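Undergrad: Below is one structure. I have some questions about it.
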Amino acid sequence: MHVAYREDRERKNREKNGENCPKLYSNTGKKHGGLWWTYLFSLFFKLIIEILFLYLLHKMWDSFDLPRLVKCSNVDPCPNTVDCYIARPTEKRVFTYFMVGASSICIVLTVCEIFYLIFKRVVQRARKWRKSTKRSV
């Protein structure tokens, strides 16, 4: 969305000042400035949602294990304890494990991407700082 916003601003600038006007952005899709922060924030948001999903799934089904039989008590209209059998529990368990595995891989990849983006930014800043200190000396 941030890139679309930049492209729209660039288009409006060209309409207002003509086709040969100076560009607002050198590259609308390059991750620097506000786009970098927006992307990093979206990665943190995605990471929180993934972890929250796994936590809620873990709480809902004890350790991601789907039982074959659940004892239902105090459920209207039955006043007694009723045995409730879950249909196709093995298929559901396999699918649940697949979802947990895929979500875990997404979490690991998102954390790696966050560290990569931050490390890359730190290296860029260090290079700029070294160049500026060499010029001043």
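Every residue, even glycine, has its Cβ placed from backbone N, Cα and C.
The transmembrane segment annotation in TrEMBL covers 36-57, 95-119. As annotated by TrEMBL, domain 'Connexin cysteine-rich' applies to 49-117.
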Undergrad: Let me spell it out: take the transmembrane segment (36-57), skip the flanking residues so only those 6+ beyond its ends count, and list any with a Cβ under 8 Å from a Cβ in it.
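TA: Cβ under 8 Å, 6 or more out: 1-2, 64, 96, 99-100, 103-104, 106-107, 110-111, 113-114, 117-118, 121.
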Undergrad: Over the domain 'Connexin cysteine-rich' (49-117), work out the mean pLDDT and round it to an integer.
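TA: It averages 87.
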Undergrad: Quick one: DSSP breakdown of the domain 'Connexin cysteine-rich' (49-117) into helix, strand and coil?
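TA: Taking each residue of the domain 'Connexin cysteine-rich' (49-117) in turn, the totals are 44 helix, 10 strand, 15 coil.
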